[in-house]
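Undergrad: Quick one: structure below, then a few questions.
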């Protein structure tokens with residue numbers, strides 16, 4: 001049974017003032033619009049509509065918290081990089097996300113979701129620059145791996161791993177496909193390690 005099988009919606013926030021009081025551990029999912037972030041969350045939770053998968057990139061403009069129980073949360077940040085978002089909205093989210101990532105004390109790790117065909121865009125790099133000074137771990141999901149040949153996907157994986165280690169450190173990276181369910185167990189292992197201390201009993205599904 002997936003580790004996040006029982007994840008449930010907790011709260012949405014438009015501003016930092018709307019965030020719940022810091023408690024427990026939050027694992028944050030970030031990525032460009034249409035990179036497959038919501039699909040990855042849904043796949044990990046084995047829930048088709050846990051994170052809203054919009055046909056229109058950039059539509060979800062809220063920080064969404066999903067509870068795993070025991071003050072453990074998955075946090076879905078708004079997708080970035082959608083050209084049709086008004087400039088005022090873009091600036092609001094730049095400030096909000098930069099502040100959240102750099103100041104939120106209970107973040108346990110960042111999952112950076114990138115389309116494996118277009119990894120490490122300038123906005124992905126900006127996200128890494130905002131977050132990496134925290135010293136907390138980063139795990140990159142190279143999504144839509146089924147769109148590339150195995151050889152091309154593995155070449156991309158090695159290239160991204162090399163650049164992440166050289167430029168930001170404390171990073172891990174993997175291939176992922178929501179369509180083929182590729183990489184689900186690997187992602188669960190990494191995220192579960194962030195959410196639960198070694199002495200904790202990690203259940204098959206978090207209640």
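Easy rule for this one: first residue shown is 1, then count along the chain.
Cβ coordinates come from backbone N, Cα and C, glycine included.
Annotations per Swiss-Prot:
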- 23-197: domain 'EngB-type G' (DOMAIN)
- 31-38, 58-62, 76-79, 143-146, 176-178: GTP binding site (BINDING)
- 38, 60: Mg(2+) binding site (BINDING)
Undergrad: Check the binding-site residues 31, 78 for other C-beta atoms within 10 angstroms of each C-beta and report the one with the most.
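TA: Of 31, 78, the one with the most crowded Cβ is 31.
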Undergrad: Reported as an integer number of Å, what is the Cα distance between residue 31 (GTP binding site) and residue 38 (Mg(2+) binding site)?
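TA: The separation of the Cα atoms works out to 9 Å.
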Undergrad: What's the CA-CA gap between residue 176 (GTP binding site) and residue 38 (Mg(2+) binding site) in angstrom, rounded?
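TA: About 13 Å separates the two Cα atoms.
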Undergrad: Output the one of 34, 38 that, of all these binding-site residues, has the highest number of other Cβ atoms within 10 Å of its Cβ.
TA: 38
Undergrad: Three states by DSSP: which one describes residue 37 (GTP binding site)?
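TA: DSSP assigns residue 37 (GTP binding site) to helix.
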Undergrad: With the cut-off set at 10 Å between Cβ atoms, which of these binding-site residues ends up with the most neighbours? Options: 37, 144.
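TA: When each Cβ's neighbours within 10 Å are tallied, 37 leads.
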Undergrad: Validating a neighbour-count step here. Other CB atoms within 10 A of the CB of residue 62 (GTP binding site): how many?
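TA: The answer is 15.
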Undergrad: In whole Å, how far is residue 38 (Mg(2+) binding site) from residue 62 (GTP binding site) when you measure between their Cα atoms?
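TA: Approximately 13 Å lies between the Cα of residue 62 (GTP binding site) and that of residue 38 (Mg(2+) binding site).
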Undergrad: Just how many other Cβ atoms lie inside 10 Å of the Cβ on residue 176 (GTP binding site)?
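TA: There are 28 such Cβ atoms around residue 176 (GTP binding site).
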Undergrad: For residue 144 (GTP binding site) and residue 38 (Mg(2+) binding site), determine the Cα separation and express it in whole Å.
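TA: Given the Cα positions, residue 144 (GTP binding site) is 12 Å from residue 38 (Mg(2+) binding site).
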Undergrad: For the domain 'EngB-type G' (23-197), provide the mean pLDDT of the predicted model.
TA: 89
Undergrad: Where residue 38 (Mg(2+) binding site) and residue 78 (GTP binding site) are concerned, what is their Cα separation in Å, rounded?
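TA: Answer for this pair: 10 Å between alpha carbons.
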Undergrad: Any idea what DSSP makes of residue 144 (GTP binding site), helix, strand or coil?
TA: coil
